[in-house]
Number of protein chains: 2
Amino acid sequence: MPGEFALIDRIRDRAGRRDDVVRGIGDDAAVLALPAGHELVVTCDTLVAGVHFPEETLPADIGYKALAVNLSDLAAMAAAPAWCTLAMTLPDSDDAWLDDFLDGFLALADEHGVSLVGGDTTAGPLTITVTAHGLVPAGQALLRSSARAGEDIWVTGTLGDAAGALAQWRQRGPASAKLRYRLDRPTPRVQAGVALRGLASAGIDVSDGLAADLGHVLAASGVGARVDLGRLPCSRTLADHFEENRRWELQLGGGDDYEICFTAPAANALAIEQAMAALDLPATVVGQLEAEPGLRLLTPEGGAWSPPATGYQHFQGGHA
Amino acid sequence: MPGEFALIDRIRDRAGRRDDVVRGIGDDAAVLALPAGHELVVTCDTLVAGVHFPEETLPADIGYKALAVNLSDLAAMAAAPAWCTLAMTLPDSDDAWLDDFLDGFLALADEHGVSLVGGDTTAGPLTITVTAHGLVPAGQALLRSSARAGEDIWVTGTLGDAAGALAQWRQRGPASAKLRYRLDRPTPRVQAGVALRGLASAGIDVSDGLAADLGHVLAASGVGARVDLGRLPCSRTLADHFEENRRWELQLGGGDDYEICFTAPAANALAIEQAMAALDLPATVVGQLEAEPGLRLLTPEGGAWSPPATGYQHFQGGHA
């Protein structure tokens, strides 16, 4: 695109730099030094305007979220984030928009010591692809496939706020700023992921809804699960805006929370509680893994419960 | 997007797998084992329909080129390619299109032993972002900044074919299939890049045109250069279709060749010729680095020459 080099300079001038970045933005590729005894963890997520976020989302929030969803994937693998690349397709060269976008993107990058080491800018409809790189001691990555029957199922933080914000946005009615903030500025659970090394058996981030995401763990591990709806952690704000059945629906079927769902032997429960308390992050046991395949949802009264819709495919222009 | 998981399964089933891929497609992120003593080289390029290739380009050619341009960047750093991620924004779920795209993409990946380890598929205007990862022994990456005055300037293969194809495409007149093939199926000089370790001092791939790309090396290294137009390597096909002045213009200002331009001390010339001969790839000295800043273009008669346009910003919808 005309002005591509100016854009790249603009980004390079603002990108942070770690000591292990031998060469960052400004060559054919980045060169990165790797610590011995570690494995590289790589994830890649795309955000498209009108698909993954409402068109009117603030550029700083788009920038923040584009990185956050990738850091969340690294967290779910127990990897410490290190570097990222940023590919942006932009409808036009708008320096103010780009600066706002970078404000959100780089604030989160700096918070977690992540260096932006490369990328590409092209002309076209607004699309953001981030590839994030993390490091984990060899053999300690938290996979989806190593959950075992009998273990506890945990989630960090609370579930359903982001889905609540989307539901309010779709109804064009009263909207909670607190819920909307959780949709626009999800907190990737980076420190929690690292702290779970050696304690958790399997993990996934909750991007598509607890039922779907836990379902991936169950399928990969060849187990089933029972989830107690009464134990699903819920923010006070969500409880203020939605009644119980609707909440369960949002918590199980709604995505975009970017909490971590993980599994662990019951013997690790105390150590996990202490590790999460040290991070000031609540973590809650919401059910147990069982040998019988499938996901069973139980009400506080012990009855079976079925959500009206278990799938969730992100924002999708208001008609998910 | 609806069907996202089916699409990912379709891609996963066809992706190759290296021994160092601890975990490929199918978790929150890929986990990759790294050899000791190496640095990681990372590059990221986006192709947008109508910007980087004509809309009617065959899906297999789009797939091939999306990976080729990234492998070319790794080659220019002297890195051996290892893994890649693929982020695709697709207007609709078209299995036949995707299979054709993967035919091109994976054929090139297999040729170079590259594993596709992750990615994302979303709904939206056709955009392809590939992030490629390579490995290089620590300290041996070929940077742009280490060229020195007095050294030779080399290019691999021939220059100008891709730009010739674009020129013919724009005129909607007679077109050479050979030239068009070089535009659609550029050969990333992967083995050449690796062979140049320890021989070349600096390198860059010719994506924006020799004048612009060599200009990046000159700027990064703080040197100037003299290029002899009569020595620019030219295919017989290009010579058949364009007269001399127009050829120089295409060779200097036209991009998309994805040859490597590199610099080296004259003492290494014989070793370089032997290394390139072993790969059956011609390499040609086209000029010398000089202390005086700037790029001087000399005709075979020794006169100064200025191209009508030195910049080149890819295809850009037919009006670059």
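Including glycine, each Cβ sits where the backbone N, Cα and C put it.
Not measured: the values here are computed from a predicted model.
Over the domain 'PurM-like N-terminal' (A:26-136), the average per-residue pLDDT in this prediction is 92. The domain 'PurM-like N-terminal' annotation in TrEMBL covers A:26-136.
Annotated Mg(2+) 3 binding site per TrEMBL: A:Asp28, A:Asp73, A:Asp205, in sequence order. Under 8 Å, Cβ to Cβ, and six or more positions away along its own chain, A:Asp73 (Mg(2+) 3 binding site) finds A:Thr43, A:Asp45, A:Ala132, A:Asp205.
Per TrEMBL, Mg(2+) 2 binding site is recorded for A:Asp45, A:Asp73.
Contacts of A:Asp120 (Mg(2+) 1 binding site) defined by a Cβ separation under 8 A and a same-chain sequence distance of 6+ are given as A:Ala87, A:Met88, in order along the sequence. Taken from TrEMBL, the feature Mg(2+) 1 binding site applies to A:Asp45, A:Asp120.
Under the heading domain 'PurM-like C-terminal', TrEMBL lists A:148-297.
The Mg(2+) 5 binding site annotation in TrEMBL covers A:Asp208.
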Item to check | Cα distance (Å, whole number) from A:Asp208 (Mg(2+) 5 binding site) to A:Asp28 (Mg(2+) 3 binding site) | outcome: 35
Next on the checklist: For A:Asp73 (Mg(2+) 3 binding site), which of the three DSSP-derived states applies: helix, strand, or coil?
Outcome noted: helix
Checklist entry - Including all protein chains shown, what's the count of other C-beta atoms within 10 A of the C-beta of A:Asp45 (Mg(2+) 2 binding site)? => result 27
Checklist entry - Just checking, which of A:Asp28, A:Asp205, A:Asp208 (binding-site residues) has the fewest C-beta atoms within 10 Å of its C-beta? => result A:Asp208
